[in-house]
Amino acid sequence: YTIWNFVPKNLFEQFRRIANFYFLIIFLVQLMIDTPTSPVTSGLPLFFVITVTAIKQGYEDWLRHKADNEVNGAPVYVVRSGSLVQTRSKNIRVGDIVRVAKDETFPADLVLLSSERPDGTCHITTASLDGETNLKTHYSVAETSVCQSVTQLESLQAVVECQQPEADLYRFVGRVTVTQHGEEIVRPLGPENLLLRGARLKNTKEIFGVAVYTGMESKMALNYKCKSQKRSAVEKSMNSFLIIYLGILLSEAILSTILKYAWQAEGKWDEPFYNQKTEQERNSSKILKFISDFLAFLVLYNFIIPISLYVTVEMQKFLGSFFIGWDLDLYHEESNQRAQVNTSDLNEELGQIEYVFTDKTGTLTENEMQFRECSINGTKYREVNGKLVPEGLTEDSPDDSAPQMVKTHNFLTHSNLNLNDNLYIFLLCSPLSPQVGEELLFLKAVALCHTVQISYDQPDCNLPGSDPFSHVNGFSANHMEYYASSPDEKALVEAAKRCGNAKHENTITNHKMFKLLHVLEFDPNRRRMSVILQTPSGGQIMFTKGAESAILPFSSGEMEKTRLHVDEFALVRLLIYSQGEWPSLWSSYFIYSCFVLFFFLSLRLQDKVQETIEALRLAGIKVWVLTGDKHETAVSVSLSCGHFHRTMNILELLKQRSDNECAEQLRRLKTEALREHEKLFMEVCKNCSAVLCCRMAPLQKAKVVRLIKTSPEKPITLAVGDGANDVSMIQEAHVGIGIMGKEGRQAVRNSDYAIARFKFLAKLLLVHGHFYYIRIATLVQYFFYKNVCFITPQFLYQFFCLFSQQTLYDSVYLTLYNICFTSLPILVYSLFEQLVHPHVLQSNPALYRDISRNSMLSFQTFLYWTFLGFCHAFVFFFGSYILMGEDTSLMGNGQMFGNWTFGTLVFTVMVITVTLKLALETHYWTWMNHFVTWGSIVFYFIFSLFYGGIIWPFLHTQDMYFVFVQLLSSGSAWFAIFITIITCLLPDIVKKVFYVHLRPTNTQKSQVQLTRTTFLIQLVLSRLIHHILSLIPLL
């Protein structure tokens, strides 16, 4: 929407709420017919609620608008009129030629025209799209690759034809027709020619591309799910309760209307002598009169629907959301980032999560790996200060005390030097070393057997004729940055660089050059990858690495020791290297492992990931990992972070090429088969304690979330991710969490909440979610309770006034009851209440189960609060009636109480009782709780004294003049107030004490540290009940 249609659209959304729409109808009825109460009593609260809600939602949308502008207004350069023109990214149109510099993201889907490289290639990373961090090479067609200047591009005559936009990131079909010297040259275009929006340019100074898909037609945008209005389970419960209360209201109005006409069947009551009908009233339609009376009763009882409930909930959510940003435990000092709330409407939903769907790369892991140990032909080595040291030795051990330390081999890999279209790899080494040892072969294997690419800070390092060792001489190789298809490859090449560049008294004076002939890529069948190289002497050599099951059967050497080391390294990522003269096979083999932090893991996890997942599991939350990464890496991370346990029976659904094969495998995993594969998949997964889905496209992630979300149990889901490829599942889940990672801000901008690290999720759910839910659940139940207390005496009063629609309360009291007299205590309660200390909630995650499945807003709990409201209302009314029924001359001068005095007495007892009822529900007392609780009661008395003690000139009638003063001057009235309040609250106190001692919940058992106020209140109440019970035998 725009700023111009915000108001109508916002009003439409707000009047979709039952209470708002209902009060709008009531307000219109009050304007059209003669009703017992003024239209102001409904119109003013409705206007207040609508205005406050619109301001709050408008402010949150304005914050989103600012975040969107940062992306849409990002500066980009396009070729126009023979020059580069700076514009905003949102102004890019299809056909514009865009210039993108190194480390910038592509603002649209571009077909690569040329780059600063002579061959027209460029390297990009798509981590924000598919989670893959390796460099991908993209190509331009030969006819456009020569256009490397703005002038050449301006004179380029070409037409690009391509398919309609589609969401598949890996599919693109098109062609480009280039006109040269009057001749049309047609070249095909594929995915390797397309640069996707959101990807980042690496290792290339600049490129030029023509925009083919922009805005919402780009593949990244098509993978976004249309953002729908998310509504929490509490709000849905509120709507259900409102429908029930609407039924109660209609029943009371119909019953009152029927009883009125039944009463008026007798002539003396139909037209008493003191209230004669006019001729028009005698001749009016009875049906219209019945409808008019029904609507009048509807208006009289309409306050049983709490309109201020919505505005209080909105204020509670808006103000309560600041506590997340202020929580220092959710602050990440390294990145200086606080948790942020993008949508406060879902605060309480954080306490109801049953499924967590998380990305892997950048969310669970730091996407980093470190080399620590290796085994070379049965001898274990570990890295110490850039040297490979045999097991049992330190760096300072004598050289002749054990096998020689590897410390003079100086290696540096260059794997992307394009020299005459052939790929060469250079190795630097010391001439003093024999270069024939097994350690040398290991370092050779690590340095040569990979697909790592290198990015240089200096732009000329890749040009033909440049010195490939210009960065090595003088040990200035720190300017290089490695990009690999997996973190383990990167870690190994960095390890080879560190071990090779160890400082030594000998200098580098020699180098060797290997020519890369072919790369045999890794595939699931071979489970290994190989490189074939030409040695400096002209021979051919092949290095292979892969899983131990794929290499060891073909190996020879110290096999017993090697297998022992394989078993020892079983908890870490394990790869085997082998080498042989081509075409003969392996003559030697090497083992390495790399790990850090938890259980000697290879991938570096984020801090406290394992503890967080375990806490979520104890809280009854199932964790699913949805990743675009390959199966082996994903399983390794799941094992390392505690998502999978080695004691689990792991069921795998892999390599299914058809629906029938997939269904058959699912049937093997589950004894009973269902017809639909989705339901079958869901049934299998729901019975698992942990699920891992690999090679997931963005929309597939969203479909998995939707599958669980729409299951018959309707569980509450949460999705967490850090990249653009996670946006769809973040928007699909009930609650979306964005991780402020390194791969852009798309996930953060589209999320409901954003945190800096995955570990913060535990406190966000277990503490903040717990607090928000119990606060708002009590708020909702309390609002219905106090409104039942408010309107039921009005209904009972009609039995004593011949259903004449006479009001029991003054119109000012009707208007201010929910706005002033009883609003602040529940608002402050809903902001600060804590049933249990936060540290207890974090140390005992099982307490989260006590509030799961919307337990505090169950129908049973709702009936209890409603029944309690009716009971208190009966006590308010009949307690006051019994006191005044026989002897109404309660004043010292013999003056009698009238109608307004009776109503004010009932209203006074009601305001005090409902306020004290909330005080009994409060466990965590602050100075603000004390101020608003006791202050509200004091404010009511002061307001009533001023309102009834002064003649206000702007009021047409002032029925309440001096009424409150007379009421307070009666000792009998004070006695009635105290007796009625005690009668209402005493049974509730007894129930609470007995339940705490006889049937305590887990949460109540954990309340070991009570505040002083709560302790004193419970102590006094316990002693009071003890004395009352001791008097029962005497009576």
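Glycine too: its Cβ is placed from the backbone N, Cα and C atoms.
Database features, via TrEMBL:
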- 1-42: domain 'P-type ATPase N-terminal' (DOMAIN)
- 15-33: transmembrane segment (TRANSMEM)
- 75-138: domain 'P-type ATPase A' (DOMAIN)
- 240-263: transmembrane segment (TRANSMEM)
- 294-313: transmembrane segment (TRANSMEM)
- ASP359: active site, 4-aspartylphosphate intermediate (ACT_SITE)
- ASP359, THR361, ASP722, ASP726: Mg(2+) binding site (BINDING)
- 586-603: transmembrane segment (TRANSMEM)
- 764-785: transmembrane segment (TRANSMEM)
- 812-832: transmembrane segment (TRANSMEM)
- 862-884: transmembrane segment (TRANSMEM)
- 896-919: transmembrane segment (TRANSMEM)
- 931-955: transmembrane segment (TRANSMEM)
- 961-986: transmembrane segment (TRANSMEM)
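The two recorded residues, ASP722 (Mg(2+) binding site) and ASP359 (active site, 4-aspartylphosphate intermediate), show a Cα separation of 8 Å. A straight line from the CA of ASP359 (active site, 4-aspartylphosphate intermediate) to the CA of ASP726 (Mg(2+) binding site) spans 7 Å. The helix, strand and coil residue counts that DSSP assigns across the domain 'P-type ATPase N-terminal' (1-42) are 27 helix, 0 strand, 15 coil.
In the structure shown, the C-beta of ASP726 has more C-beta neighbours within 10 angstroms than that of any other entry among the recorded positions ASP359, ASP722, ASP726. When averaged over the domain 'P-type ATPase A' (75-138), pLDDT in the model lands at 87. The transmembrane segment (764-785) shares the most Cβ pairs under 8 Å with 812-832, out of the stretches 240-263, 812-832, 931-955, 961-986. Panel annotation: around the transmembrane segment (931-955), residues 812, 816, 820-822, 824-825, 827-828, 904, 908, 911-912, 915, 918-919, 922, 961-965, 968 of the same chain, lying at least six beyond its termini, place a Cβ under 8 Å from a Cβ of the stretch.
Counting residues per DSSP class in helix, strand and coil order gives 7 helix, 33 strand, 24 coil for the domain 'P-type ATPase A' (75-138).
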